[in-house]
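A.B. asks: Here it is, the structure in full.
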Amino acid sequence: MGRADPEEGQLPAPVKPPDGGWGWIVLLGCFVITGFSYAFPKAVSVYFKELMKDFHVGYSDTAWISSIMLAMLYGTGPVCSIMVNQFGCRPVMLIGGLLASAGMILASFTTNIIELYLTAGVLTGLGMALNFQPSLIMLGTYFDKRRPLANGLAAAGSPVFLSALSPLGQVLMEKFGWRGGFLIMGGLLLNCCTCGAVMRPLDMGMKRKMEKAQDKYEAKEMLPIGGKSEEGISTADGTKKAKKAKKKPKKGKKLLDFSIFSNRGFIIYTISKFILVLGLFVPPILLVNYAKDTGVPDTEAAFLLSIIGFIDIFARPACGMVAGLKWVRPHVSYLFSFAMLFNGLTDICSARASNYTGLVIFCVFFGISYGMVGALQFEVLMAIVGSQKFSSAIGLVLLIEAFAVLIGPPSAGRLVDALKNYEVIFYLAGSEVALSALFLAMATYCCLNRGKKDPPPEKNPSAGGGSDTEEAESDVQEADEHSSNNHQLGHNTDSAVVAANEEANHVAEEQRGEGGGCPEGDGEVLARDGCNADQKVERDSF
């Protein structure tokens with residue numbers, strides 16, 4: 001893990017993502033959570049026909065169930081970020097699993113559509129939100145080099161669960177009705193608690209080791225090496241409580257970091273995702289009822305979602321592997337733009353599909369493009385803001401996307417009720433997705449990469465091209481070096497003068513002993529030097 005040995009007095013390095021080990025268990029938990037979070041709102045659409053009959057409501061009214069689930073999944077992003085930063089991922093996920101299960105169980109006893117909104121929509125959606133966001137944060141904590149692949153594998157949970165939950169929901173509705181189906185679905189959501197239990201913090205136990213190593217390091221720096229260092233180490237251990245008391249007021253950790261809005265890449269990403277979500281979820285939500293209205297049997301109509309899920313299973317890991325390549329990863333935003341454009345054109349080109357074969361072809365291409373979008377969306381965000389600010393960034397992004405979720409599918413449902421035509425809906429949804437792709441690509445090229453192509457000139461100290469701070473630092477450094485050299489030179493000069501004076505004094509004494517005093521004539525210089533030397537030595541010693 002790259003840690004230094006604390007016993008040697010060296011500070012251990014920060015914990016690095018292991019890119020494996022227990023991270024694969026965390027990836028499995030994230031796989032299940034992602035599957036429930038994204039597939040569940042779509043799989044619930046299987047029950048819409050029965051709900052319309054029992055509650056005597058229109059399709060737009062039942063579509064609000066899926067929209068509220070997705071809105072809670074997105075809109076509670078900042079709340080999830082604050083809770084994760086305050087309590088950690090594992091407790092938040094355990095609470096979320098209980099809420100999601102309780103919402104579906106209570107929904108099976110509802111008597112009107114409003115109660116269904118509050119239980120299956122709000123409560124279950126909140127529970128899934130409290131699971132979804134922390135699982136992504138933990139995944140980014142455990143993976144770095146393999147992060148694109150990990151994101152792709154985790155995102156594959158959505159199609160896997162979609163291909164399983166849609167037929168399962170159809171079977172449960174036929175055997176137990178929609179109430180029995182909701183009750184069983186609520187039991188399945190308890191698996192989210194199991195996934196939350198495996199989200200072990202990566203830095204567990206590291207704080208104590210860091211503190212001990214810090215104390216030993218400071219003790220060895222402050223005291224001489226030897227027996228006193230051991231005494232200093234024990235003294236440092238004894239003063240640990242005082243240090244903790246002093247550090248407590250400085251632990252002002254931000255619950256939500258709004259400084260990411262100063263990042264232009266984050267702003268561009270957020271705007272493009274808002275436009276994307278307006279049309280991204282509309283086709284899969286309307287697909288089953290569209291197929292039923294064209295005369296496709298109920299079982300075969302539900303199987304269309306399974307086709308999308310089956311294709312999506314392979315598209316997401318494959319796209320994650322491609323995004324992890326060395327020559328692709330620096331340009332992952334453009335790959336994300338291509339995936340969104342592919343998805344939008346698929347909606348537009350398949351708007352006139354009027355038979356089962358055409359719908360199957362649409363599901364194949366939609367599954368590929370939808371899988372690419374799902375595999376790349378959070379990888380691009382992590383690349384833009386980094387893992388340290390990802391918890392706050394994803395919360396704010398999901399909050400902004402929540403408004404798009406509340407606008408998109410309900411508006412599409414109202415247009416279906418008014419126009420009785422699905423073709424316009426597919427054209428509109430595809431245009432929105434394609435627009436988001438073009439905006440992301442053009443804004444990234446014009447606002448971000450264009451500035452990188454013209455880097456500032458290299459800093460030349462002789463030409464004075466550095467910043468003011470760097471120049472000041474260099475001046476200070478040069479002054480320090482100059483003063484140090486002057487001090488050393490002065491010290492050497494004084495030593496040489498003293499040595500020369502002592503030698504001259506010694507010669508003068510010898511001459512006095514031989515000549516009885518200071519010589520005259522030619523010896524005048526020597527006598528003068530000898531007398532001046534005595535005076536200078538006395539002055540220096542004084």
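Residue 1 is the first one shown; counting continues down the chain.
Cβ atoms here come from the backbone N, Cα and C positions, even for glycine.
Per TrEMBL, the features are:
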COMPBIAS  468-478  compositional bias 'Acidic residues'
COMPBIAS  485-495  compositional bias 'Polar residues'
COMPBIAS  503-513  compositional bias 'Basic and acidic residues'
DOMAIN    23-448  domain 'Major facilitator superfamily (MFS) profile'
REGION    453-542  region 'Disordered'
TRANSMEM  21-40  transmembrane segment
TRANSMEM  63-84  transmembrane segment
TRANSMEM  91-110  transmembrane segment
TRANSMEM  116-137  transmembrane segment
TRANSMEM  149-169  transmembrane segment
TRANSMEM  181-202  transmembrane segment
TRANSMEM  266-291  transmembrane segment
TRANSMEM  303-325  transmembrane segment
TRANSMEM  332-353  transmembrane segment
TRANSMEM  359-378  transmembrane segment
TRANSMEM  390-412  transmembrane segment
TRANSMEM  424-448  transmembrane segment
A.B. asks: Between the stretches 63-84, 181-202, 332-353, 359-378, which wins on the count of C-beta pairs under 8 angstroms to the transmembrane segment (266-291)?
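C.D. replies: Comparing 63-84, 181-202, 332-353, 359-378: 359-378 has the most Cβ pairs near the transmembrane segment (266-291).
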A.B. asks: Between the transmembrane segment (116-137) and the stretches 63-84, 149-169, 181-202, work out which stretch tops the count of Cβ pairs under 8 Å.
C.D. replies: 63-84
A.B. asks: Residues sitting near the transmembrane segment (332-353): Cβ under 8 Å, six or more positions beyond its termini, same chain?
C.D. replies: 148, 269, 272, 276, 279-280, 283, 319, 322-323, 359, 361-362, 365-366, 368-370, 372-373, 376-377, 379-380, 383, 422-423, 426-427, 429-438, 440-441, 444
A.B. asks: Below 8 Å between Cβ atoms, which of the listed ranges 149-169, 303-325, 390-412, 424-448 makes the most pairs with the transmembrane segment (359-378)?
C.D. replies: 303-325
A.B. asks: Any idea what the model's mean pLDDT is for the domain 'Major facilitator superfamily (MFS) profile' (23-448)?
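C.D. replies: Across the residues of the domain 'Major facilitator superfamily (MFS) profile' (23-448) the model's pLDDT averages 82 on the 0 to 100 scale.
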